Amino acid sequence: MASYRSYITSPFSDAVVECMRRLYPESLADKSFDNTGLLLEAPWNRKRQLKNSALLTIDLTQAVAAEAIERGDSIIIAYHPIIFRGLKSLTSNNTQQQTLLRLAAEGISVYSPHTAVDAVPGGMADWLCDIVTRSVHENPQVPIKSKQATDDSTGPSSISGISQPPPLPPRTASRGALPHIVVPGSHTSLSNVASDAVIPHSRSTILQNPLPPPGFEGAGAGRLVSFSTPQPLTSIIKRIGTTLGLPRGLPHFPLAIPQDSNVADMEISTVATCPGSGSSILMKDGKPVADLLLTGEMSHHDALAAIENGSVVIALFHSNSERGYLHDVMRGKLEEALRLEWGQMIEDLADLPETASSGMANTLNDPSVEVKVSECDKDPYSIVAWPENL
């Protein structure tokens, strides 16, 4: 039950933080290196009417901060902690500190859940499992391919329906020509594709949390999928490319396979998933834990070790292995929980005599709730595809 606490911070932001802590308990985060929780508790300015809205992002960049300020959001949920190591000062000489100072001045708080989201059942690692275990085909109402991407005369070559990168241009190519930059387009989520079935499989946690809170049994880092029947690697690549929200719905991501192997001939019995940087979870004693390792990034030497041991590595780029979860799962879960929490908070605080004298009545008269995914958040890397006619 909410109680009056003089509210030097936004009561709506408090409601958001409470919901995040229930959905993604901070005790599940990897405290050996992570810095999760409420990282910026901004003062509440009653005269500046911020919206009852939260903005979700993977990275809190200057562009995302400007977006939140323009929208008038009360709080930013930044998956990656903007404060990772101890701060000895806050100055304008550092871009991240500039962002924090600017948000504090605007009354916008910042919360980071990071590895707690990875670990929970139904979290980011399970979401990656959902992608590789669903038999999906494109929903014809969802335009995920541009004309250029489907034009055989200009697009990339194809093997068994899987896009392959075009050959590098000859060294005599014109120096004045610029490469085509492939940037992330609109998100294509699991809800935007027609799901035929869930492919039979078992699923387990690679590194279980020894003391999960009640209701979060099975939490921990990484997931291992074991298919009842081996799956063609080409089919898994299609699932990833269709549902992960990558550019134009096409599978633009690095793929490492054992030498002298052919993508079209390979079958996969086990898949290990870890969002972000997965080497420490997906490799054990220098060897891969599954036939296919699906992650955001993996070191050069770990990738070599994996393929030398007969495994496949798909590295989606760090934040591309995470961002779709905000669209597909977190936004809906948080908004549903927040409607209940904010409604209860309004009810608890409305009749307190301190509420009227504090000037909080206007805030409590607004039952609206919105959770939005940032439109400015993106992976720092783009993919360069040289035109074939150079």
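Positions of Cβ are set from backbone N, Cα and C atoms, glycine also.
The divalent metal cation binding site feature in TrEMBL is assigned to His80, Asp118, His318, Glu322. Of all the Cβ atoms in the protein chains shown, 32 others lie within 10 Å of the Cβ of Asp118 (divalent metal cation binding site).
The compositional bias 'Low complexity' annotation in TrEMBL covers 151-163.
Residues or ranges marked as region 'Disordered' by TrEMBL: 139-178.
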Divalent metal cation site, defined by His80, Asp118, His318, Glu322: further same-chain residues with Cβ within 8 Å of the Cβ centre: Ile58, Tyr79, His114, Met124, Pro275, Gly276, Ser277, Gly296, Ser319, Ser321
Greatest C-beta neighbour count within 10 angstroms, which of the binding-site residues His80, His318: His318
All-chain count of other Cβ atoms within 10 Å of Glu322 (divalent metal cation binding site): 24
In three-state DSSP terms, the structure that Glu322 (divalent metal cation binding site) belongs to: coil
